[in-house]
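> Can you read through this structure? Questions will come right after.
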Amino acid sequence: FSRKVLQLSSGIEEVGNVRWELGACLLFAWILVYFSLWKSVRSSGRVLYLTCSLPFVIVLAFLGRSLTLDGANLGIDYLFKPRWHLLADAKVWVNAAAQNFNSIGIAFGSVISFASYNRHGNQILVDTLTVSAINAVTSLIVGVFAFATIGNIATEHQTSIEHVIADGPGLVFVVYPQAMSKMPFSNFWAVLFFFMLLCLGLNSQFAIVEVVVTSIQDGFPNWIKKNLLCHEILVLVVCLVSFLFGLPHVTQGGIYFFQLVDHFAVSNSIMYIAFFEVVAVAWFYGADRLSADIERMTSIRPVLYFKFCWNFAAPVLIMCVLIYSLIDYETPTYNNGAYSYPTWAVLLGWSITATCLLWIPLIAIYVVARAQGKNFIQVQYFRLLTVNRV
């Protein structure tokens, strides 16, 4: 994988050339995304039936096969064996929170975007509990499949589980192919596995692109109608720009950029965004007002438990994880610590995080300043104009 597919360079300093095979795959993926969304999210409904349901069937097939492999019990024992000392590691909490946010779509905007297509009186509590339960069961199934496979590889190579586990994409593109190569009809299983990855990746991209497109349409409706004329062109522009931003990731040093962006733009940024989102809704908009909105839509008023979570539990827990991660901060690495990022790359990563978060205060100031009536920002603005004129 590192030598043939990536032609991996020595570090992020050595970007190298674009791997055109990977670039072609990237282009193909974005073409699929475009033609699935170009007629709005409703046009992707039939595609989502396939890309959402088929991975579950494939995962169950892999689960059944992995449990029959030699050494599978070792991997499963390793998965469920408690290691209490890891609870003191901030990275564990941050990664766990990021995993839940990523898998469910919290703080990405995708849940809000897709929910906007529901009927007015949709029972959101049922949907929330269903999605959370399915996510938990799926994570458990995938975890058992993964560690059963890792246990088999450790047994085959007569090594420890820790030595086999890889971080980043190494688990998917190195560990699993090794296990599948020893299965009967290995080519068949390999095709199923990577097709499953394609479906899962497309599901994520559908959600992310839909959020971007919907945000632009809702934020600048007049400009969109005047300059881009139609929805199809807007989706094309978003997909094209995203493809261009993805090209550095398919260079010979692209995997280093990928890990850097994944660490700072996903794991880090999403935690801050989630905190500001729950604070904005629960504290500024108001938990009571939100409860009244939910009651008006569903005829059911949220119980006190939800208000407690909105006002206290969620922001406090997220803030504790953030503070703990800063206190116990470690420089990101690649390949289980074999490569450490230089200082300039770490600064670049924090710049990515800052860029993601900068829009929160800017948009807040913009919205408040344009709101009807008088508010603090408008009063201070007009006072500043008066002083300058004097």
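Here the Cβ of each residue, glycine as well, is placed from N, Cα and C on the backbone.
Please treat TrEMBL annotations as automatic predictions, because they have not gone through curation.
Annotation comment: TrEMBL describes 20-38, 47-64, 92-117, 129-150, 188-213, 233-258, 270-287, 308-327, 347-369 as transmembrane segment. Taken from TrEMBL, the feature Na(+) binding site covers SER103, ASN135, LEU200, SER204.
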> Which listed range (20-38, 233-258, 270-287) shows the maximal number of Cβ pairs under 8 Å with respect to the transmembrane segment (308-327)?
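If we count Cβ pairs closer than 8 Å to the transmembrane segment (308-327), 270-287 scores highest.
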> Of the listed stretches 47-64, 92-117, 188-213, which one has the most C-beta pairs under 8 A with the transmembrane segment (20-38)?
188-213
> Does the transmembrane segment (129-150) come near the transmembrane segment (233-258), with 3+ Cβ pairs under 8 Å (pairs 6 or more apart)?
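Stretch pair does not touch.
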